[in-house]
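Peer 1: According to TrEMBL, the domain 'Enolpyruvate transferase' annotation covers 28-483. Marked as 3-phosphoshikimate binding site by TrEMBL: K42, S43, R47, S209, S210, Q211, S245, D372, K399. What TrEMBL lists as phosphoenolpyruvate binding site is K42, G134, R162, Q211, R403, R449, K474. Summarising the annotation, TrEMBL assigns active site, proton acceptor to D372.
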Amino acid sequence: MPDIHSSSSNAPAPTSAATAPTMVEVIPGGPVSGVIQPPGSKSLTNRALICAAFAAGTSQLRGALRSEDTEVMIDALRTIGVNIDVTEGGRTITVHNDTVHNDTVHNDTVHNDTAKTASKPDNEPYPLFIANSGTTIRFLTAALSAAGGQFRLHGVPRMHERPIGDLIDAISTVIQGSITAESPQGCPPVSIDSAGWREGEIEVGGAVSSQYLSGLMMAAPIGPRDANPPRSQTTRIAVQGELVSRPYVEMTCRVLESFGATVKTITSGLAAGQSVAFDISPATTTDGYGYRGIDYAIEPDASAASYFWAAAAISGGSVTVTGLTHAAMQGDVGFVDVLKQMGCEVDEHEAGITVTGGRLHGIDVDMNAISDTVQTLAVVALFATGPTRVRGVAHNRFKETDRIGDLACELTKLGAHVTEHEDGLTITPPANGSEGLHGAVLQTYHDHRMAMSLSLAGLRIAGVKIMDPSCTGKTYPEYFADLEQLIGRAHHWSTLST
Ligand SMILES: O=C(O)C1=C[C@@H](OP(=O)(O)O)[C@@H](O)[C@H](O)C1
Ligand SMILES: C=C(OP(=O)(O)O)C(=O)O
């Protein structure tokens, strides 16, 4: 059985910056088999937090994800005065009803009860630190511009290189006030000084990220309650041209509906160049809130599940991920269908989905809809017969890092031949198969998915060392501990040097 080594001597699983190892090595072994459930979905947790913050009535989010990406969302909402309790090790989040009101936009705040306690200098925007969470900055930019107030959203250096211009352009057409992206390339920080949105159809580009559209859809029911004249009940949001990562938009529709809003998808009679539109109406509440507070169960994270299914594929084992089936809201469950195409057996049952490794062969696959699993697939492709071509993911260059160029660079270090394309990559394993692969020290570029996916190469290749493993904290702080548990043997920590 494989075994994990870390550069932190005798340490338990990495839990904090103080104990976090700087490098982790997964030692090769036999087939990986077991049952696992990853933590809650990042995408669902952050959507539910936005809806709950602008809902009438308390919401309870169960099975939520607690990680850097949800932490920055919670911190930002608390900074503007939303009352949020987190219990059960972070898995239950209670968002109280008596906090966010949109009726004080004229006081430059979305909040009328506890804003007094929020830290904001007079006549200055709320400073909101978003780290490198794309969902948080895109969803909050839209929601807060609709609610009204003054805000400045900023993040780590990479966040200030990630595009947000299409979203800013869209909001600019309806905002009563101003919104600007401070970097010359249309990237964060974002400054907002808003008295809410005017009525009117909004058009947004969807070729760079679906998060712009999802953000606008979630913001549509939020308008200021005392606007005069009041906003119409229905806002149309139309997509100009291509829309990437489509399943996340379906997810947005379903979350909005759970919190009481109504969504109608429009596919005909659209203006020139528009590919789809959504008519969104707020929940019917007595006091004008856009959403209704609810009890909400969050699915386990399907992107995180991809690593465990891939572990079975790579090692020839059998892994069951519980709590996820094709009925889930997350498109990334579709990753198992890609593994099936490559030769794995996929068995869906009531409890979840079991992947059993088989003889793997390379495939040609469009992963536009499930782009967060491209890195996982690329590592599986190392162990297949023949090349694997991944298409349709040009937008992966704008994520935590350039997930085409940087991924190609790291896979090459392991001995694969990798060709980079504008919209993806081709991974060609060595002619003599995995025997031609070799260990290497792999960089992770502050990208959680780089660390989680590349670590799986260590299940079959000796000497795969993953730098900065604590970057998994963005969405999965316990990843290496969970992987180790799945691998099934007490790990041995040792000091490693490059
Ligand atoms: O809406 C969401 O929750 C997400 C959408 C996707 O982004 P893009 O639409 O930018 O591809 C995905 O990569 C991200 O991890 C989460
Ligand atoms: C792209 C990702 O996240 P975000 O865009 O939310 O930062 C991700 O989690 O892979």
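Just so you know, glycine gets a Cβ as well, placed from its N, Cα and C.
Unlike curated records, TrEMBL annotations are generated automatically.
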Peer 1: Report, in whole Å, the straight Cα-to-Cα distance of R449 (phosphoenolpyruvate binding site) from K399 (3-phosphoshikimate binding site).
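Peer 2: So the Cα of R449 (phosphoenolpyruvate binding site) lies 10 Å away from that of K399 (3-phosphoshikimate binding site).
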Peer 1: Please check each of the recorded positions K42, R47, R162, D372, K474 and report the ones with a CB atom less than 6 Å from an atom of ligand 1, ordered along the sequence.
Peer 2: D372
Peer 1: Grab the phosphoenolpyruvate binding residues from the record (K42, G134, R162, Q211, R403, R449, K474) and give me their largest CA-CA distance in Å.
Peer 2: 19
Peer 1: Please report the three-state DSSP label of K42 (3-phosphoshikimate binding site).
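Peer 2: Once the DSSP labels are grouped into three classes, K42 (3-phosphoshikimate binding site) ends up as helix.
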Peer 1: Using all protein chains shown, find which of the binding-site residues K42, K474 scores highest when you count other CB atoms within 10 A of its CB.
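Peer 2: That would be K42, with the highest Cβ count within 10 Å.
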Peer 1: Can you figure out which of K42, R47, S210, S245 (the binding-site residues) comes closest in space to K474 (phosphoenolpyruvate binding site), comparing Cα atoms?
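Peer 2: Nearest in space to K474 (phosphoenolpyruvate binding site), counting only the binding-site residues, is K42.
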Peer 1: Let's check the environment of R403 (phosphoenolpyruvate binding site): how many other CB atoms sit within 10 Å of its CB?
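Peer 2: If we count other Cβ atoms within 10 Å of R403 (phosphoenolpyruvate binding site), we arrive at 26.
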Peer 1: Measuring Cα to Cα, how many angstrom lie between G134 (phosphoenolpyruvate binding site) and D372 (active site, proton acceptor)?
Peer 2: 13
Peer 1: List the same-chain residues at least 6 positions away in sequence whose Cβ sits under 8 Å from the Cβ of R47 (3-phosphoshikimate binding site), in sequence order, or say none.
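Peer 2: Those within reach of R47 (3-phosphoshikimate binding site), by Cβ under 8 Å and sequence separation of 6 or more, are T135, F139, S214, M218, M251, T252, V255.
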Peer 1: Name, in the order they occur in the sequence, the residues of the same chain whose CB lies under 8 A from the CB of Q211 (phosphoenolpyruvate binding site) and which sit 6 or more residues away.
Peer 2: G134, T135, R138, F139, L167, S245, Y248
